[in-house]
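Contents: one structure, followed by commentary.
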Amino acid sequence: MAAASAAQLAVNGGVKMATNSQAYLEGDKVKQTKSLIAELCRHFYNQGWVSGTGGSITIKVHDDSVPKSQQLIVMSPSGVQKERMVEEDMYILSSDGSILSAPLAKPTPHKPPKCSDCAPLFMKAYQMRNAGAVIHSHGMESCLVTMLNPLAKEFRITHMEMIKGIQGHGYYDELVVPIIENTAYENELTESLTEAIKAYPKTTAVLVRNHGIYVWGDSWISAKTQSECYHYLFDAAIKLHQLGLDWTTPSHGPIQNAKISALAPNGSIKPSRQCIVLDIEGTTTPISFVTDVLFPYARNNVGRHLDATYDSAETQQDIKLLRAQVQQDLENGVAGAVCIPSDDAGKMEVIAALVANVEAMIKADRKITALKELQGHIWQTGFQNNELEGLVFDDVPAALEKWTASGIKVYIYSSGSRLAQRLLFGHTKHGDLRKHLCGFFDTTVGNKRETKSYTEITASLGVDNPSEILFVTDVYQEATAAKAAGLEVIISIRPGNGPLPDNHGFRTIRSFSEI
């Protein structure tokens with residue numbers, strides 16, 4: 001009775017064999033999964049995905065009475081001719097990756113049995129995506145497609161029927177597959193694959209440059225279907241490339257010259273990305289620096305600044321802009337708006353009303369030109385008096401230097417005025433970083449959450465295709481607007497940044513070193 005109770009579990013009032021018992025390991029469900037893997041490997045061999053003992057496949061033992069996260073895992077071995085595998089060659093693992101059953105050794109010339117070198121990577125897909133099966137292919141298409149642009153960190157394609165075969169995608173969607181760099185040993189890819197899975201919550205695959213692809217699905221059917229669709233799309237991209245057609249655009253028209261990686265005059269690879277446009281708050285600079293340092297400084301020095309510079313042409317222009325904005329706010333019933341008296345009321349009365357309005361605007365975090373212009377002039381005094389020092393994340397200076405050295409032009413687009421932007425990057429502990437920046441955009445080009453703003457920036461930069469511009473921001477709405485304008489977009493994940501929507505679909509980074 002004791003032995004029976006150790007090998008059995010109560011399930012819905014009945015009795016079921018424990019998944020780690022010998023009887024379960026030798027049962028029909030496990031045997032069927034082993035047989036299925038052998039069958040699929042023969043099929044994949046004929047597809048050219050697992051030749052030369054390369055590639056691998058793993059499937060969870062489907063059992064409705066066992067939670068998916070606890071189901072056993074059957075995995076193909078390493079170094080075995082995949083088209084000749086049989087049930088007895090398979091490994092059985094627990095849900096945490098521990099080997100429960102290994103195949104017996106075969107006589108020479110067979111090698112001693114060894115579980116797939118991909119096991120640590122397979123486990124990441126199981127643990128992070130609750131996968132039901134994972135396929136690793138060495139298919140030529142999945143290898144060559146990573147070589148079309150040796151600098152690309154993503155494969156992108158749109159408006160192809162087979163995209164519908166990829167989970168969560170339709171014909172009109174843009175399919176994005178991250179590309180990680182190859183290593184000498186398969187298990188050394190584990191960390192970079194993990195980061196790619198985190199950064200691309202919508203993806204069901206990761207490409208490995210010059211190597212192959214990992215594909216997962218919630219079942220073996222889903223994984224197989226998607227693998228076939230991915231390989232079809234890779235093959236299509238390669239053929240379109242050979243025809244000089246652009247697989248990344250809806251029209252699939254001729255590839256723009258700037259889109260193709262070419263050799264620069266010095267023999268180096270010319271990047272397809274021509275420009276990078278950076279947000280400031282939460283991207284190059286901690287949000288806390290703006291909210292805890294710059295805003296309080298401006299708020300606390302409004303009166304002093306206006307009093308000291310009241311008669312200057314610069315301040316009179318700021319007052320003119322503020323008068324117009326406040327008048328508009330009063331007409332629209334904006335909270336905190338206070339009527340600004342005419343100059344006849346006297347300097348102090350005018351300044352008092354200006355201070356009240358500016359404090360309300362700062363408190364509401366208004367992204368308006370009148371406020372930003374005044375703030376920029378106040379900060380200018382602070383930087384000139386060494387009362388302020390610009391702050392950027394430590395990875396920013398090296399990235400700016402690397403990008404500009406490779407011929408990429410870098411710009412800033414922030415709700416802060418262009419003056420404020422130049423001050424911040426011109427006075428940092430790393431020195432003057434403006435030497436790496438080609439220009440500055442602010443709200444005069446448009447609201448950062450509107451697509452037309454990014455269309456205007458594209459026209460200003462003079463690129464042939466908006467996809468040649470990378471925009472990096474921490475704000476989902478800005479990312480969405482930029483993507484709608486055709487820009488490449490990455491979302492910055494920094495300490496103190498706000499949360500992102502689930503399944504937002506954008507690549508994310510935590511450091512500029514990842515770009």
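Using N, Cα and C of the backbone, Cβ positions are placed for all residues, glycine too.
Quick look at what TrEMBL lists:
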REGION    1-246  region 'Methylthioribulose-1-phosphate dehydratase'
DOMAIN    35-238  domain 'Class II aldolase/adducin N-terminal'
BINDING   Cys118  substrate 1 binding site
BINDING   His136, His138, His211  Zn(2+) binding site
ACT_SITE  Glu161  active site, proton donor/acceptor
REGION    276-515  region 'Enolase-phosphatase E1'
BINDING   Asp279, Glu281, Asp474  Mg(2+) binding site
BINDING   Ser414, Ser415, Lys448  substrate 2 binding site
**Complete:** Taking only the CA atoms, the spacing between the residue listed as 'substrate 1 binding site' and Asp474 (Mg(2+) binding site), expressed in whole angstrom, is 34
**Fill in**
Cβ-Cβ distance under 8 Å, sequence separation of 6 or more, same chain as Glu281 (Mg(2+) binding site); the residues meeting this, in order, are Ile287, Val290, Ser414, Asp474
**Request:** Pop the mean pLDDT for the region 'Enolase-phosphatase E1' (276-515) in here, whole number is fine.
**Result:** 91
**Message:** Run through His136, His138, Glu161, His211, Asp279 for me and report the recorded positions whose CA is within 10 Å of the CA of Ser415 (substrate 2 binding site), in sequence order.
**Reply:** Asp279
**Prompt:** The record names Ser414, Ser415, Lys448 as the residues that bind substrate 2; what is their largest Cα to Cα distance in Å?
**Reply:** 8
**Request:** Report the nearest neighbour of His138 (Zn(2+) binding site) in space among the recorded positions Glu161, Asp279, Lys448, comparing Cα positions.
**Result:** Glu161
**Item:** Minimum Cα separation from the residue listed as 'active site, proton donor/acceptor', reported as the residue among binding-site residues His136, His211, Asp279, Lys448 that achieves it
**Value:** His136
**Request:** Given the binding-site residues His136, His211, Asp279, state which is nearest to Lys448 (substrate 2 binding site) when distance is taken between Cα atoms.
**Result:** Asp279
**Item:** Between Asp279 (Mg(2+) binding site) and His211 (Zn(2+) binding site), the C-alpha gap once rounded to whole angstrom
**Value:** 35
**Request:** Identify all same-chain residues not among Asp279, Glu281, Asp474 whose C-beta atom falls within 8 angstroms of the centroid of the Mg(2+) site's C-beta atoms; report them in sequence order.
**Result:** Ile280, Gly282, Thr283, Thr284, Thr285, Ile287, Ser414, Thr473, Val475, Glu478, Ser492, Asn497
**Residues flanking the substrate 2 site, with Cβ no more than 8 Å from the Cβ centroid of Ser414, Ser415, Lys448 and excluding those residues themselves** = Asp279, Ile280, Glu281, Lys367, Tyr413, Gly416, Asp442, Thr443, Glu478
**Asked** Sorted by position, what residues of the same chain at least six away from His136 (Zn(2+) binding site) have a C-beta under 8 A from it?
**Response** Gly55, Ser56, Ile57, Ser116, Cys118, Leu121, Phe122, Gly212, Ile213, Tyr214, Val215
**Complete:** Students should find that the Cβ of His138 (Zn(2+) binding site) has, within 10 Å, a number of other Cβ atoms equal to 20
**Asked** What's the most sparsely packed of the recorded positions Glu161, Asp279, Asp474, counting other C-beta atoms within 10 A?
**Response** Glu161
**CB contacts for Ser415 (substrate 2 binding site) [other CB atoms within 10 A, all chains]** = 22
**Item:** binding-site residues listed as His211, Ser414, least Cβ neighbours within 10 Å
**Value:** His211
